[in-house]
There are 2 protein chains.
Amino acid sequence: MRTSIATVCLSGTLTDKLHAAADAGFDGVEVFEPDLIASPSSPEEIVALAARLGLSLDLYQPFRDAEGVSEEEFVRVLHRARSKFALMQRLGIDTMLVCSNVGTATVDDDEVSASQLRRLGDAAAAAGVRLAYEALAWGRYVDDYRRSWRIVELADHDAVGLCLDSFHILSRGHDPAEIEEIPGSKIFFLQLADAPALTMDVLSWSRHHRLFPGEGAFDLGAFVGHVLRTGYDGPLSLEVFNDVFRQTDVVRTARQARRSLTWLEDLVETRRLPAVAEPAGFDFVEVRAEDTGEADVLLGQLGFTFRGRHRSKDARLWTEGPARVVCNEQHARNQSPSLAAVGFEVADPAVSAARARALQAPTVYRRTLANEQELPAFRAPDGTEVFLGPVSSGDAAWVPEFDGGQEPTPPLLTGIDHVNLAEPWQCFDEAVLFYSSVLGLTPAASQEIAAPNGLVRSQVVRSASGSCRLALNVAPLAWDQAGGFPQHVAFSTDDVAAVARRAVDRGLVPLAIPTNYYDDLMARFDLSSSEVEAMAELGLLHDRDATGDFTHFYTATVGGVFFEVVQRRGGYDGYGAPNAGVRLAAQHRRPR
Amino acid sequence: MRTSIATVCLSGTLTDKLHAAADAGFDGVEVFEPDLIASPSSPEEIVALAARLGLSLDLYQPFRDAEGVSEEEFVRVLHRARSKFALMQRLGIDTMLVCSNVGTATVDDDEVSASQLRRLGDAAAAAGVRLAYEALAWGRYVDDYRRSWRIVELADHDAVGLCLDSFHILSRGHDPAEIEEIPGSKIFFLQLADAPALTMDVLSWSRHHRLFPGEGAFDLGAFVGHVLRTGYDGPLSLEVFNDVFRQTDVVRTARQARRSLTWLEDLVETRRLPAVAEPAGFDFVEVRAEDTGEADVLLGQLGFTFRGRHRSKDARLWTEGPARVVCNEQHARNQSPSLAAVGFEVADPAVSAARARALQAPTVYRRTLANEQELPAFRAPDGTEVFLGPVSSGDAAWVPEFDGGQEPTPPLLTGIDHVNLAEPWQCFDEAVLFYSSVLGLTPAASQEIAAPNGLVRSQVVRSASGSCRLALNVAPLAWDQAGGFPQHVAFSTDDVAAVARRAVDRGLVPLAIPTNYYDDLMARFDLSSSEVEAMAELGLLHDRDATGDFTHFYTATVGGVFFEVVQRRGGYDGYGAPNAGVRLAAQHRRPR
């Protein structure tokens, strides 16, 4: 199907937007009137630029406050409309969006609205254009697509049809299934937007918080399915008002938008992508720095075995059972330690890589010598390099590329439980779409954690089995100046106390947890003082819910990275959220 | 009355918060439990620090999910409560906040809740403490202060009273007048928070958007009046959860908080400040730069007369009728032009200055020689220097300090219509409180303006007559990196076309307005093409509403400053908001 995007989704000037839409691979755009009005380019210049870029101009929008008005007001509406029809002729646009009246409607009568739309339709037809009437979720009288359809039916005019917008329908909880009762030929345009599940007035929700498909909580696959079953064959067009996208790089936002439609086309089966397969688990994580020495020390204390240096790269491998950490000093001049790459184990790396490419994920190139394993890699929106490897039992196939190290001992760790990544505020939604559409991870619990210097927003994306979990964190704005949000890797174990004891014996100083925390633990849970004292001695934190419990500890932070070791008991499926504030406060007292 | 602040209002560690609260002049604090749990300081250390700082520890909070539970669960509640009572004894705190149950309540029966509170009260009394029961706006069963009072009455226990929180009552629209039916002796604690008028779920509204009194839309004067008439004599205590204050400088936030209570105390007449008198108008504005030359040129083109150099400072004065602009090159090395100071004319500068000092506004000191006018000055939260001068007719008394210039000619300008200031996102709410509490300006229309690179939030504060208007603007975050939001001064005239014509004749190049804008103007308004062509020639923009119309033009931007000239006709009271996006787009195309 053809794809389109409303220019209001993108930042910059109208010409910036056209360039970015074409670059991202859209077929056309909706011209948002304020973008044209603010542009110094003449309509003819816009037409010529769009033609050169291979973009069609699919819709002129919005025309407001047209129907349900007094006859005196309708004279002014017709004057305004005729002027816009003339402009559309200059732009070569054949469809205008007419929103249901918000500001000037005084007549709550479908016959009156239909009659006025019919007369507007006459004027439109005379100019060779047509009108797509849309029920805004906050229209004064018409706020339901079923009512706008009734009015269009009453208008009974070839130049008057419907525009359907997923936000206006799904935000109100209106059943989209009844769309199938509308003939596809009367649906003149389809606008798509996702949104997070928020409880707030629908106008503010719409103006500030819309998202691209796949980034929010709406079931857009089902919605578009209903529309397609009517026979609708116009473009799938995005109309997203979002405070972040309005100010972020236009080229990047356009590509994110196009990725969301590619994902959606696959979902509704109008285009097939290589199959998604959620990761079976983590292959490795990579810490990168000019000098990773402090991370190497921490890993040794946590019981990891040094497995050697890479034969052709300046990197070292540490493993403890299936948990593998690469410390990479290649191309890292002046960099302090960061979590630079995460490897995932997938059923078929070639298929997953083909899917990533189809979703326009930027490829990461690393030098690979002839006798080395080549893992496809892509850059996530947050900058993390995502590697795709096959599912391994025991050491991964690339492990023998490291030599000169020691033989592993029987492990206490059972793997990587989760990886905590920092997301710049500009790319959080894009990151959710990336990890879900490319890797097939599913957004789960979202939480806010109070740190001493602001609220951290944390969103987990995970595989269904829990074998692969990422926590995506947006730090408070003030942290941008203060070095950012530290990232971490949480290793799993069946005996966290033993891991902690071994680490302390090897010199680890666990993150310092206040005595007040342990007093509160005794107030909240049925724990003996000797149990709590044992935890306090090792810096262990504890949480519990109806399904099980969770015990964990943290290392110090080196550069922008630290490690955690966690033990889950019973069905506990969380991340110790009640302890996160205590951890952040302890880290705040020890600035990196 | 005594003043207190919940530690959750402030950023940093618990000890940071105590220092900041004491520095700002609070008498006490509410200890927010997570702050204590995350603190490495023992309760005894906290007590000793508070004692040294002269702070009382007024409340321990919150104790959650206490009542309306099964008897089995109540055993755990009692265990938890006894542990907290012991902690309160160590802290020397005599009152604990008990929130209405959100998580574990299963019994919707006031008798059961009252009985459980009574038994908790027995345990509290045995420990020498008491319980202040609060209806959360989102309590599972108890979400109205009238119901929490009924339960407290039923509990009928000396150690069980009420906590009232303005947010929980006013956010739900519950009538606060019925508070007067409660005996003051049973109101154990009073928490105060303001909030903006938002339509969203009350929990999110509370957790993220509370404000200090005077910064939001609640009538806290009336609310506190009801409470005081009960005979309540505990502290006025602030409890504000706010995403911004959580991350901003703790000392600054504490002073802002204290200012809000000073303002409130004056409002409810428990403390009298020097009277507030809203400004009669603008005395002057000051452009500061190492070289203000470009601003001088613009002012000359706009018809201003050069009135001379200051006799002792490196500053020049330009006037046109009552509009006065000082171009100041004193202490401005490496600074590009900015709006550094705004002078206001007030009925009695000494009284207004005393009020500003009582509200802890930071004083600005400038060298004033013996024979020069001395204007008291204060620094607004956004950094603007605010000067207070007497009301003048004709030239202000300080004008003769400038000499060597020309005699003014008959003016076309009638004064300064409004001043547009840029507010860093961290200090927007503080700025609203500053301009309203110190200067007596009233918050008016708030708008969002779509610029090519993000939404600008714009809030007007003004005098009732409209003689003095400030627009406070928060730019999109991405602008922080891009040089910030330009500020401007809008001059008023009765003949904007004549001012524009004169300026163009003197070489001014008005901000370029697109032809598409004028085409739209003709579609929207009943304007002849010759009228619109005349506007286009001079770069004039136009707006109109039911009461009148507005015509205006803009100069280019120099450094971070530009000028506007506006003409209001009829009762038009706005600022040409429909044109602001066109202006911002034109400025975006001409980056400073």
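Each residue, glycine too, has its Cβ placed from N, Cα and C.
Going through B:His331, B:His488, B:His588 against TrEMBL, the one listed in the Mg(2+) site together with B:His418, B:Glu564 turns out to be B:His488. In the record from TrEMBL, residues B:Glu134, B:Gln191, B:Glu239 bind divalent metal cation; the candidate from B:Asp109, B:Asp110, B:Asp165 listed for the same site is B:Asp165. The candidate set comprises the binding-site residues B:Glu134, B:Asp165, B:Glu239, B:Glu564. Of these, B:Glu239 has the most other Cβ atoms within 10 Å. The DSSP secondary structure for B:His418 (Mg(2+) binding site) is strand. Residue counts for the domain 'VOC' (B:281-391) under DSSP, split into helix (H, G, I), strand (E, B) and coil, are 19 helix, 45 strand, 47 coil. In sequence order, B:Ala6, B:Glu30, B:Glu134, B:Cys163, B:Leu164, B:Asp165, B:Ser166, B:Phe167, B:Ser237, B:Leu238, B:Glu239 make up the list of same-chain residues 6 or more apart from B:Gln191 (divalent metal cation binding site) whose Cβ falls under 8 Å from its Cβ. In sequence order, B:Asp417, B:Val419, B:Asn420, B:Ala471, B:Val489, B:Ala490, B:Phe491, B:Phe562, B:Phe563, B:Val566 are the residues of the same chain, not among B:His418, B:His488, B:Glu564, whose CB sits within 8 A of the CB centroid for the Mg(2+) site.
In sequence order, B:Leu97, B:Cys163, B:Leu164, B:Ser166, B:Phe167, B:His168, B:Phe189, B:Leu190, B:Leu192, B:Ala193, B:Ser237 are the residues of the same chain, not among B:Glu134, B:Asp165, B:Gln191, B:Glu239, whose CB sits within 8 A of the CB centroid for the divalent metal cation site. Mean pLDDT across the domain 'VOC' (B:281-391) comes to 94 in this model.
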